[in-house]
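One structure is given here, and the rest of the page talks about it.
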Amino acid sequence: MRVLLTGFEPFAGELVNPSWEVASRLAERRISGCTVAAERLPTVFGASIACLRTALERHRPQAVVCLGEAGGRAAISIERVALNLDEARIPDNKGQQPVEIPVEPGAPAAYFATLPVRAIVAKLLAAGIPAEISRTAGGFVCNHTFYGLMHHLGQATPVRAGFIHIPYLPEQAVRYPGKASMELATTLRGIEMVLEVLRSEQNVL
């Protein structure tokens, strides 16, 4: 199975983004029958979707997993739904801060992920890795990209796709007292297990 794994460039003054740290380390590897390609996306409204579409054309994946940073979350969060709404709390890396703007004007209000969400969470929890189903990907570039991905693929595509938020790395969280973090090795193992489930689980739950 060909899998496209994406992460984002750092934003909001951070020097690293754990989503790209994970995706880049899994690139060009074969994991449980999955061949992984990785692409780094800009943390920029509009440009992230354009770059993702180019990557889809280049790699022709059978599954797509977009990763993003969710500072403050303590678990790997498997996103259930992408909303057709940009609601930025902070500016992106080009200074854009859209509020109450649709990602795709005239398109459906939401799309559901086509990953086996419950099976993924169950697998991670069984391995002792904190995981949860999330019903909001926020209003920043992560949700924007997630919605753009699902809209581009459409409902009839055989390509399964979704979005996963991961916590800060410890070196990031130390700057924010009380914020949760997750060791890179743990997050890496968690995303490897996501790929294992993708390969073996055909249901979307």
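Using the three backbone atoms N, Cα and C, a Cβ is placed for every residue, glycine included.
Now, the feature entries from Swiss-Prot:
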type: ACT_SITE; residues: E79; note: active site
type: ACT_SITE; residues: C142; note: active site
type: ACT_SITE; residues: H165; note: active site
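Taking all protein chains in view, 26 other C-beta atoms sit within 10 angstroms of the C-beta of H165 (active site). Every protein chain shown contributes to the tally, and the Cβ of E79 (active site) ends up with 25 other Cβ atoms within 10 Å. With respect to their backbone Cα atoms, H165 (active site) and E79 (active site) stand 7 Å from each other. For the pair formed by C142 (active site) and E79 (active site), distance between Cα atoms is given as 10 Å, rounded to the nearest Å. Cβ neighbour count for C142 (active site) (all protein chains, 10 Å cutoff from its Cβ): 25. DSSP gives E79 (active site) a strand state.
For the recorded site, C142 (active site), the DSSP three-state label reads helix.
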